[in-house]
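Here's the structure we're looking at; comments come further down.
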């Protein structure tokens, strides 16, 4: 719903246009999104449970992994449940406050995740390249400070993005050609050029690129050290924990960069929708698969949890 005042539109709700108006395809989309959402939810909850209950996993690496799983649950929960509900009810509206909330929490969790992935690469760098100093550098206090700093950076970025995105009046129909309130689509509704938000986006992309460079440099040192490990088992273990992390970071950042640097087409594009799926749904779904199914410590913790559960039930 909108109220017009001269050429400016006072927006009270937005229309999330989503993928299609076809009811059958909407139901298929709702079922597919629900399956992906449940898989991400169960996988990340499993990681949180295992890293909390198993004392062998009370290490810096799994402390950060537990934080990452919590972020992933939040990140995929921002757009997906609302999109599923809209498809099932054939009602594609979202209130102005709901849209503001989506923007704020998306940037809060996404920015925090980028910072946390950077911290996790530093943790692996210290563990592999400086193992004798690992316990001193990655103390519990230091880990808490790093995690808290990640959340603080996410909070500041979310406040700036939300404030500037909605600071400019909007004109015309409040149609958002996405399945959630994504900033590039919202900026296309602005009556005038939103310089403030574009500056914030530019700064965010520069910082994200800095994090990506830091991660790459960390892994160059890691892979250089790993090549000198005489044991094939040792090299395999190092690669199995580092390569998946690098894949997740690359996928997450590259899809986000593409979405925010690519000029919006004049007509709605299916490619924009698919790219947004990549940076909102794929990392939260893939992280549990990468970190649990390929990780011996996580597999052992899962076996122990099953055994404990079996004896408690008998």
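Numbers run from 1 along the shown chain.
Including glycine, each Cβ sits where the backbone N, Cα and C put it.
Transmembrane segment is the annotation TrEMBL gives to one range among 62-81, 122-141, and that range is 62-81. Here the transmembrane segment (93-120) has Cβ contacts under 8 Å with residues 11-16, 61, 64-65, 67-68, 71-72, 74-75, 78-79, 82, 86, 146-147, 149-151, 153-155, 157-159, 161-162, 165-166, 176, 180-181, 183, 186, 204, 208, 211, 214-215, 245, 248-249, 252-253, 256, 279-280, 283 of the same chain, all six or more residues outside its ends.
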